[in-house]
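All remarks here apply to the structure that follows.
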Amino acid sequence: MGPVSVWQWSPWGLLLCLLCSSCLGSPSPSPSVGPEKRAGSQGLRFRLAGFPRKPFEGRVEIQRAGEWGTICDDDFTLQAAHVLCRELGFTEATGWTHSAKYGPGTGRIWLDNLSCSGTERSVTECASRGWGNSDCTHDEDAGVICKDQRLPGFSDSNVIEVEHHLQVEEVRLRPAVGWGRRPLPVTEGLVEVRLPDGWSKVCDKSWSSHNSHVVCGMLGFPSEKRVNVAFYRLLAQRQQHSFGLHGVACVGTEAHLSLCTLEFYRANDTTRCPGGGPAVVSCVPGPLYAASSGQKKQQQSKPQGEARVRLKGGAHPGEGRVEVLKAGTWGTVCDRKWDLQAASVVCRELGFGSAREALSGARMGQGMGAIHLSEVRCSGQESSLWKCPHKNITAEDCSHGQDAGVRCNLPYTGVETKIRLSGGRSRHEGRVEVQIGGPGPLRWGLICGDDWGTLEAMVACRQLGLGYANHGLQETWYWDSGNITEVVMSGVRCTGTEMSLDQCAHHGTHIACKRTETRFTAGVICSETASDLLLHSALVQETAYIEDRPLHMLYCAAEENCLARSARSANWPYGHRRLLRFSSQIHNLGRADFRPKAGRHSWVWHECHGHYHSMDIFTHYDILTPNGTKVAEGHKASFCLEDTECQEDVSKRYECANFGEQGITVGCWDLYRHDIDCQWIDITDVKPGNYILQVVINPNFEVAESDFTNNAMKCNCKYDGHRIWVHNCHIGDAFSEEANKRFERYPGQTSNQII
């Protein structure tokens, strides 16, 4: 009996669903209200409210009988939070809050003394005092913190899930020979799909390059290439194959194979794929995942144009806020009509596969500055986001609260199996252990703590799949490593962009460790979120000026080393120092508050300026010659960090006064005005000429950030001995070769030599 089509997908219905706002989880009109679930069988609706800075946390509110109300925190537990997060469409809870952390609600308090085991399908199955029976006030409203991962098929999620009982859940490539011994990622092999009863092959009759394109995208590869089908046909004659699909018809723009027209075999079909063989696909890996040096050389030999799309703020490779380059300025994309087709174009353009999620509502943090594009409509065939139809917008059309983001499909590399953490209180922290060996037996060992810092910890957390590093620790005596005592890696130095510790520089097989005890081995504390500081470069340019300040007014500044060395030999209190002054406004655009590395117990009180110093070095200010030689410097030593101003929907949390907490809240900025002591560079000894003004935030990487490439600002600077002109200030990749070329020549000059 021939194959019978038991189920065919029409992609148009699914595509229509994906393009509508309910599938994409478009942001609520109110900034204080988060995800909301549709009415269930009990007639209840759920939402997150208050002022969460993330879309997966907030005060829990329930609508019953048309009235919204809250839940009291009495007897509330993590198990109850699990049930509520599932009601809200998330997979599980990571925490819960009490005492109205997200602000007191209004209306009824629907539930009190809520008691759940955590396995209930609905909150209605949990024990409580009964609906509306409570002795609490809204100062006791409970909140939840959910894992940022949606349940399959949830109505507010745009993750493609097929609700039919017969579906393609996963796809993989199986090499015809050498299975299990091939280097990862696997880029070529027989296509296998996972059905409810296991893995099956796909018949290659009518198989097209469009089908291959979709499969490669799902596996994290940007494109496909031709494959030697005759070789695989010859091998197939000697093997038995289990076929589950006999028909696949893709347009090529689908983000998932389930969006293609599929024909499945019946369980009782006796003849499968007559005259054909298993479908074979070969994919081209992106630059980050080129499996061999030959592929890397081939890709590097191609002319590299200026990147016009990038991702920022993501905790994992292939995810982040979408930013595009226009007229030399990076800006964001408004999430209006943002869908999986547009997101997939971005992912493939950056060397990843198709998009797993198209994120709206600034899920990857808010950008700053321009919003370049809106209502981007891609077919999915475009080679760049800029080739998709779109609208240019003004500031009034969209806000950064609507910044679009993506999560891309990535190839499986297996790097997470070569590293692990031990001894920590949770899976996000512990002593770092790495696996070495080969071709002999593999073994686990520790890493020497010498020179281990934030950048190295960032790579370790990325390799583990745990996001960013909060801390890189050089002493881990308080974490028991069990039976592992051998140090197998030392001298690890990373740039912070590597995918695994193997890619970082280290001593190789020769171990050289200054402190050989096990207590001095490397450890990490990882986090899914991190801060991200950005200097307001235009303000520096607008406020820069020169002041000749009398020495008798600089005693406090001298105490804090805010003057050039020559000031020590000056005729105090007579004379003056020439100062380049400017305002410094530093924003936190990340997804976690920026906190000083040292705790309050080690802060130092400075009587002169009347505040506690929480960081040894927070900012470097330098005057450089065009060839990079430093001629003057300033710094914000022991910076007093606080929230000077915040966005409309964010409240200040940090203030230096009265030994208050120090830091910069997400959505806030710290302003040091030009007229404040030490907000300058002492240029008394600088000769007239053309220079570069450089400002670097968090220069020693003491505090983890999601992005260190935007911590530096550079400006052209012309000084004639009496006046100074600061212009062409810009942020981002200020140390890159491309950026430095902008400073090699100055307008109206034929030479860069100092006048």
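Here the Cβ of each residue, glycine as well, is placed from N, Cα and C on the backbone.
What TrEMBL records for 1-25 is signal peptide. Annotated disulfide bond per TrEMBL: C72-C136, C85-C146, C116-C126, C250-C260, C334-C398, C347-C408, C378-C388, C494-C504, in sequence order. Per TrEMBL, the feature region 'Disordered' maps to 292-315. Under the heading compositional bias 'Low complexity', TrEMBL lists 292-304.
Here the features listed in TrEMBL are placed on the structure.
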residue: C72; record: disulfide bond; Cβ neighbours (10 Å): 23
residue: C85; record: disulfide bond; Cβ neighbours (10 Å): 26
residue: C116; record: disulfide bond; Cβ neighbours (10 Å): 22
residue: C136; record: disulfide bond; Cβ neighbours (10 Å): 18
residue: C146; record: disulfide bond; Cβ neighbours (10 Å): 28
residue: C250; record: disulfide bond; Cβ neighbours (10 Å): 22
residue: C334; record: disulfide bond; Cβ neighbours (10 Å): 23
residue: C347; record: disulfide bond; Cβ neighbours (10 Å): 31
residue: C378; record: disulfide bond; Cβ neighbours (10 Å): 23
residue: C504; record: disulfide bond; Cβ neighbours (10 Å): 19
>> I'm trying to understand the geometry here, so how far is the Cα atom of C72 (disulfide bond) from the Cα atom of C504 (disulfide bond), in Å to the nearest whole number?
In response: 50
>> Just to verify a number: CA distance, C347 (disulfide bond) to C250 (disulfide bond), in angstrom, no decimals.
In response: 19
> Counting distance between Cα atoms, which of the disulfide-bonded residues C85, C116, C334, C398 is nearest C260 (disulfide bond)?
Replying inline: C334
> Given the disulfide-bonded residues C126, C494, and counting only Cβ atoms in the protein chains shown, which has the most within 10 Å of its Cβ?
Replying inline: C494
> Cα of C334 (disulfide bond) to Cα of C146 (disulfide bond): how many Å, rounded?
Replying inline: 25
> What Cα-Cα separation, expressed in whole Å, is found between C494 (disulfide bond) and C398 (disulfide bond)?
Replying inline: 39
> Just how many other Cβ atoms lie inside 10 Å of the Cβ on C260 (disulfide bond)?
Replying inline: 20
>> For the C-alpha pair, I'd like the distance in angstrom between C136 (disulfide bond) and C126 (disulfide bond), rounded off.
In response: 19
> What number of additional C-beta atoms lies within 10 angstroms of the C-beta atom of C398 (disulfide bond)?
Replying inline: 21
>> Could you check which of the disulfide-bonded residues C126, C146, C504 is the closest Cα neighbour of C408 (disulfide bond)?
In response: C146
> Ranking the disulfide-bonded residues C388, C408 by other Cβ atoms within 10 Å, which is at the bottom?
Replying inline: C388
> Closest of the disulfide-bonded residues to C126 (disulfide bond), Cα to Cα, picking from C146, C250, C388?
Replying inline: C146
>> Can you tell me the CA-to-CA distance separating C388 (disulfide bond) and C250 (disulfide bond), as a whole number of Å?
In response: 21
> Of the disulfide-bonded residues C250, C378, C504, which one sits closest to C146 (disulfide bond) when you measure Cα to Cα?
Replying inline: C378
> If one measures from the C-alpha of C378 (disulfide bond) to the C-alpha of C504 (disulfide bond), what distance in angstrom results, rounded to a whole number?
Replying inline: 38
